[in-house]
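Listed in Swiss-Prot for this protein:
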type	residues	note
TOPO_DOM	1-641	topological domain 'Extracellular'
CARBOHYD	Asn31	N-linked glycosylation site
CARBOHYD	Asn224	N-linked glycosylation site
CARBOHYD	Asn263	N-linked glycosylation site
CARBOHYD	Asn323	N-linked glycosylation site
CARBOHYD	Asn342	N-linked glycosylation site
CARBOHYD	Asn600	N-linked glycosylation site
CARBOHYD	Asn605	N-linked glycosylation site
TRANSMEM	642-662	transmembrane segment
ACT_SITE	Asp836	active site, proton acceptor
COMPBIAS	1258-1292	compositional bias 'Basic and acidic residues'
Amino acid sequence: MYNNYNLCHIRTINWEEIITGPSAMYSYVYNFTSPERACTPCDKSCEQGCWGEGPENCQKYSKTNCSPQCWQGRCFGPNPRECCHLFCAGGCTGPKQSDCIACKNFFDDGVCTQECPPMQKYNPTTYSWEPNPDGKYAYGATCVRRCPEHLLKDNGACVRSCPPKKKALNGECVPCDGPCPKTCKGVEKVHSGNIDSFKDCTIIEGSITILDQSFQGFQHVYRNFSFGKRYEKMHPDKLEVFSTLKEITGFLNIQGDHKDFKNLSYFRNLEVIGGRTLTEYFASLYVVKTSLVSFGLSSLKKIYSGSIAILENKNLCYAQSINWTRIKKSSEHESLLSNNRNESECIKDGLVCDEQCSDEGCWGPGPAQCLSCKNFILGNDCLQDCTAPGIYQADEKTCKVCHEECDGSCIGPNTDHCKKCKHARDGPFCVPECPASKYNDNGVCKSCHGNCVGGCEGPENNIGPNGCHSCDKAILNDHVPEGCLQKKESCPDGYYYEWVSPLEQGPLKPLASKAVCRKCHSRCKKCTGYGFHEHVCQECTKYKRGEQCEDECPADYFADANKLCIPCFSECRGCFGPGPNQCYKCRNYKIYIDEDTDGNTTSFNCTETCTPEYPHKIFNPDSEPYCSLETAGLIENELQPAILAGVAVFALAFLVVAAIIMYFWRVRAKAKENTVKMTMALTGLDDNEPLRPTGVKPNLAKLRIIKEEEMRKGGILGYGAFGNVYKGVWVPEGENVKIPVAIKVLHDGTGANTSKEFLDEAYIMASVEHPNLLQLLAVCMTSQMMLVTQLMPLGCLLDFVRRFKDKIGSKALLNWCTQIARGMAYLEERRLVHRDLAARNVLVQTPNCVKITDFGLAKLLDINEEQYKAAGGKMPIKWLALECIQHRVFTHKSDVWAFGVTIWEVLTYGGRPYENVPARNVPELLEKGERLPQPAICTIDVYMIMIKCWMLDAESRPSFKELAEDFAKMSRDPGRYLAIKGDKYMRLPSYTLQDEKEMIRNLASAMDGPEALVDADEYLQPKSRAPIPPGLSASSTSGSPPNTPVKPCWPNGKPLAADSPTPQNQQNWDRELLRYGANHRNGNVSSHEPGNSAQHGHYTPPNGHCGHVVGSDSTASRYCSDPLKMIDVRDCDVTDDCFDGEVNSAHQQAQVGNLKLDLPLDEDDYLMPSPQLPTNTTQYMDLIGDSKPTEMEPKRVNNGYRKYPEFLTIQGKTSLDNPEYIMSQDEGPLTPQTIGIPTPDLEKVLTNGTFGSQVRQRSSEEESDHEYYNDFDRLERELQPLKPLRKNETTV
């Protein structure tokens, strides 16, 4: 409001009462220089503001003064039940719809409604809509029975004009059949300037002309040669505006040429050409020199006047096939068709009518362009028959589409002709949705319950998902509707009537402004409101006390026959009547009527004090106090002496019996002790301490004590809390070797407890012996105590996976997991708890072999202990189980938790567990169920194993034996369990034997001496590779092997199997020869039983690398399936450790004939080439004969391995690297032996010939690093004549 000088009282109005909504805003501006006009105050009767003088102009309130129950509405008073109906606007005078001052929606005969009564209503009997006699039209906000004459009727409303797609017909708006009629004027020619004026036209008064200029554009020139408007180019698709055109009163002139102007489908709905005006040749259809290929005038039915001229259209087909007389109404005009495309060319290009068209021709290709159909017609399409889904046969030649509510076929056009309904079936009719009085039950409309109002969702007489939308009256139970009633039906017993607020929200919103029956209080049987006072409770369910209903009478009341609670006598504690002699118990004293105080049925009176008749108060502990004629002392004095005498006699008897029993027990125990002492003295076992054997096997591990001068310390490797770790060399006293070691030195000045823990670590390390556990070599007991262990050149596994992340594949990762699990399983078997397992405490010996170390926190459990409880000290929180952190309890299962974290570190390539979480917060996270996330490369199979390791219940975690088996199984198919990009191209960093030797040399470079460099494993477990002397028998092999140490692993970490019969392990090759010689000489064992022949040798193989005895005499250890089958790595169990057991031995052995071949494989099970032969020496048959003798090659020494002379070159004999070649023959078998076993008798070979002499003359410097399985100097195989092949192929 702006600058209203004469306006009074406007500032007194409360505008919040009037305007509503978020955009409501009141603004008052007064900019005059003179002060505002002084107005008279409002009348004293006004609450706040007024619109003028007098009480009649006071502002009335119906919003700001309402109760909260009337929220979002108005009211006629401040009380909760004085809310206006929701259909009211601006206030009301009562709660009904007829009490509104104004209506929010519609006003219908004095009542405010949501909408006007509909003009149609549903008849459930006929399943159809019928006119509603009470229907009204909406005229503005008023419901009227008839619309004013100047307005139209549309969908129950009075409108000024029809909406789109409807037309006025007899005062009503009806849907148009297709486009709604629109008449437009014709033009001289169509161009880009006027094309849009034809939009939605159905009739053109005049003609249509389309020329070349229509598409190419042109400059308009007036008759006085002045220039008009320039019209741009137009694409033929702009002619789509003519798709609604049905009639042209003049002619249709087409002379346009454009590459995209192929047909006249833009006029596809054109039905009539009037021909009121004609063009050249008196034509009403004139098509000359166009680029048309077909017409596309599929709806053209009549040309009333004029001829038809189709001329000079070089691409036009179909014109000759059309029966033009059927279209022309006038017979006076001819049809001119000339110089169009040759009909034979059209046929050649397939531009002919569809087979469903009749002989009258067509407008273009397809069944929709026929003038008439050969069989049936459906709309504009010609069909073979009317059997397709969704159509039916209307007459002999016509098919029609089923009603849109039909799902599939039908027999007629209406909704009751459908065989199946698309949405729902209401009686015989298909409907898009069920009417309001019915619900959809699996496609069938069924009637709602009779009490439902506004529709339903199911048959139940209730408001809910399977019942009514609303009802006139509902029965409530705990604020939830449980049934509906008719509007005039009364509430059942136990319920009371209540009115629901019109602004109700929640489950009662469908019942707003309606009546409900609420359940009475549980104590009331009939009521008028909620409560259990007689004001609202008409009848009690159980008992009534005073003015209230009760579930039961109180303790000091009793119920009469009418269930009324009546008070007991004042001295009673519970009663069954009102008198003093009807009490269950008394508050003070009883007075027995018949003096029988012990009977339960004895009657008594209750009294506050004893009466003069019964003056004495008796307090009996077994009963209530009562009044008596006699005093209590007389009764007690009579009984007291007898009671005391009985107690004394019983106590004396008990003491005598107890003393006798103790005496005899002591005598027997003394006699038994003397008997034991005498027996021990007689047997010589007199000892003061009794024996308590545990059955535990003795620990026979050896602890080697060395001197300080045997140690050579080098650079420092790491720091610890109690000492430092140095790399160094150990030179054992009296031996000519140097061993690279790691030396852990205790700090000076450490306490006695630290030294004890240092020795405890030494004890545990010396007690373990496993290929995946770092073993103690020796202890130096100087002032600074030293622990000597094997040197792990590649550092810890944590740094290794971080450094070589891009080179580590899935197989290596799973092998490491398996090895760690096997090492921990060994500790579990020996009752050792590690307590500090982590990736930093796993050392890498080779890329294929890891070892667990750092036993500083490890504890050995006694035979009767299942757990260790730490007293204090630091703990690696993020690696520990929850019970370790909270209770300091350590078991093997807590090591399993740490194993899961260690595996997580490895599979995340050195990730930090709980990296951004302080250690003190880790226990809380674990209790809440949080665990380390799944590594990116890890499948759910591996992650589930980690989750099992992190179970809060320790007993639910797997054992290390189970973990080792699981990871061993996964390592045989690594790509299935770890998804690493480029996995098959990854190779671990090379760490060959030469690298290790070089490391040892560098380490000992400062300590030069004559000692030989030896690895710790070789020093502890040496192996012999001495050649076999001639004539040596099986019984002569019992001597000890020489001291020359041999590295028992291939450079890639694969060990040499101890029972291999190939020269790749010289010791076992010698043993095979000895077995064969002994068996051949004695004739005890067939050469076809290599598994059994090994049992006759007396040579005991030394332990394999890492401490396991390798080799087996059983056939199962040699083969994984058929012994005559070439073994594939998938058929065998693939080893994943750094030592060879039976599995590894089996999976590397191939079989040719009866001979096992131990072939060197790399980490991916590919055959490794031997480094023995020089690159310029062929390994195949010399067909040219210009190869040089191998004896001329210089003999080489490589890494300390023996070197044998190369193969002899004998004239006519050629070295051959294919062992099967000499086995194929057609002149009978050479010998029952396979390759690798000499054809002549072994004794002859060993005693004379080239073999024996060469063996005696060889030195260790001449021995080779690797030998092939067809070493000639051992077998003299080249001296055997080559036989022709038995078959024309080579068997592999």
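The backbone N, Cα and C atoms fix where each Cβ goes, and this holds for glycine too.
Locations of recorded Swiss-Prot features on the structure.
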residue: Asn31; record: N-linked glycosylation site; Cβ contacts under 8 Å, 6 or more apart: Tyr2, Asn3
residue: Asn224; record: N-linked glycosylation site; Cβ contacts under 8 Å, 6 or more apart: none
residue: Asn263; record: N-linked glycosylation site; Cβ contacts under 8 Å, 6 or more apart: Leu292, Val293, Ser294, Phe295, Gly296, Gly364
residue: Asn323; record: N-linked glycosylation site; Cβ contacts under 8 Å, 6 or more apart: Asp359, Glu360, Gly361, Leu371
residue: Asn342; record: N-linked glycosylation site; Cβ contacts under 8 Å, 6 or more apart: none
residue: Asn605; record: N-linked glycosylation site; Cβ contacts under 8 Å, 6 or more apart: Pro580, Asn581, Lys590, Ile591, Ile593
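Under the DSSP three-state reduction, Asn31 (N-linked glycosylation site) is assigned to coil, being neither helix nor strand. Asp836 (active site, proton acceptor) counts 20 other C-beta atoms within 10 Å of its own C-beta, drawing on all protein chains shown.
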